[in-house]
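S.K.: Just passing along the structure, written as structure tokens.
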């Protein structure tokens, strides 16, 4: 019944198994991949006919994690998986980026890749396995895919590269880098690093590339057993159309791309395009070509003209040379009520970035396959349509916004102070108000400034820069701080963020084969120069964190109480803690280890809450004097609340010097009194005294009398000695 085929290799000290022919047999390609005890199913289905009216590759990638993979049931009312989580969205993009450039030009068939996590062993992150399984399924599917690709995760522990570190090793690593590519070339890099050098980063990329070669060989071996016949793809020769169009509009198109201002340039290019379309579709005549085809040729011509111009003259669209960064204006503290804010403008790209500080109540609970954890640093990126002069629908967060936000998050996280030193929940929001290239890196720069403006003690300021590449044969140009057009028309999008000490994040997407290690080395070196320049421009606005937190930010004080006192501080059903919060106005968070965080924008509220909590969590000391309130008057004495929630008895004989006939002659309920703790009776009840304390000054009269008596005893002896 099953026509099963499989291959198995040892990879990074663990078995990797790829199997097809048993599960999801009606898909064009289906592979069950197992690494350790983590299992994923990758399927590929491509439509039989091209999609009408599109001039792009209609590819969708969906990665989904099933909670049963970790032996868990989903939360919520419906008890089933809902919309994609952030992790699922990010891994979907991670798979999409290296496979998209490998589809044959002209492939317009709707293609869907679905990857499902079936089992998770809590050791091997499924993302790498998902990439490998997707590559294998595509290679088997018959779709025109110029793969296969391999992928690997690279760590850096104790100054050594580690292949596919397990989840328990991740807290120790200085690097979390994912690299994917073919046997000849690197196509995609995604990473977070703790201020590592460019040499270490490049070494990690090449280490990963070398170590996923056995995976590519395994996929090829599986394809030799089970691959479907390749689909036919008719490639249309448009060289004659391009030659005719080039003669018609070349000079005008070159002139349009010499206009530095983006909107003016777009308008000029639009007019040239209208001229080309009018030429190929004369009124009253039967058109010889499809309009979409002519538009596609025009797009190709645009790319060639921009690329030729850069390689031939060294000048870019806006007149810069390959290494120059656009003019930068950095401002901090631009919003009066925000805890921290910055406006970062680089050319026609602008980000308004705002930092908000919160407490433990604001932490984000993340439900993942590995379990639930709390996230204390959030970075959200918003890209409204007005930022590129367009109209559009506002609504849910798009995949691109999630991806760009995570890239900036990775760049900033390594320079944040440890949570035990700065116990705030931090949310950074980047509003892209203008965009013409590398808005994610503008978000990094703006986030660094906004955090420092809020008083967050970053290790060092952080900046980011986007690099591009034009490669034609042996000639190439690495471009610093690319424009949007250079991103679309170039061969590489290479984003690097970091401090003056090293790289904190690297993301690379390469659209073609042939990018050598030497080219990547040049790009990293040029990116470092650009990053240092940007940091210098940012320092004109703010070069270090402000000494004080933002005026409107909450203050947090942290201290510890004995764990056996937590229940008393919280009270039955939270009664005590609610009373503390209501009466002091401070927020209180108590952790299982006894760590208490008290937060408020009012310092007096914090002091009052701390005093209250400490009075509950600690024990009164015998012989100490305390202020208290009479809470109950009895015939035999008065009960006084004197130490947080603790009450004690002042016996009628301890109310005042001399004989007291009635307790009410001395005190009444609500009176503020000063008492001394005498001790505890045989039943553990607290014994207090008022008569040994001066009710005006709080002085210990008993101690005073003893001191005076001692002085009198010593006086005759001193006189005799004289």
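Even glycines carry a Cβ here, placed using N, Cα and C.
Residues or ranges marked as Mg(2+) binding site by Swiss-Prot: 487, 493. Swiss-Prot lists 701-713 with the feature compositional bias 'Basic and acidic residues'. Per Swiss-Prot, the feature domain 'KH' maps to 554-613. According to Swiss-Prot, the domain 'S1 motif' annotation covers 623-691, on the basis of sequence analysis. Positions annotated as region 'Disordered' by Swiss-Prot: 691-722.
Relative to the rest of the structure, where do these features sit?
M.R.: A helical conformation is recorded for residue 487 (Mg(2+) binding site) in the three-state DSSP classification.
According to DSSP, the secondary structure content of the domain 'S1 motif' (623-691) in residues is 6 helix, 36 strand, 27 coil.
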S.K.: For residue 493 (Mg(2+) binding site), which DSSP three-state class applies?
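M.R.: It is in a strand.
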S.K.: Give the number of CB atoms, excluding that of residue 493 (Mg(2+) binding site) itself, located within 10 Å of its CB.
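M.R.: Within a 10 Å radius of the Cβ of residue 493 (Mg(2+) binding site) lie 21 other Cβ atoms.
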S.K.: Summarise the domain 'KH' (554-613) by DSSP state, stating how many residues are helix, strand and coil.
M.R.: 32 helix, 16 strand, 12 coil
S.K.: So if I measure Cβ to Cβ from residue 487 (Mg(2+) binding site) and keep only same-chain residues at least 6 apart in sequence, which ones fall under 8 Å?
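M.R.: Non-local contacts for residue 487 (Mg(2+) binding site): 437, 438, 466, 468, 493.
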S.K.: Looking only at the domain 'KH' (554-613), what is the model's average confidence as pLDDT?
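M.R.: Its mean pLDDT is 90.
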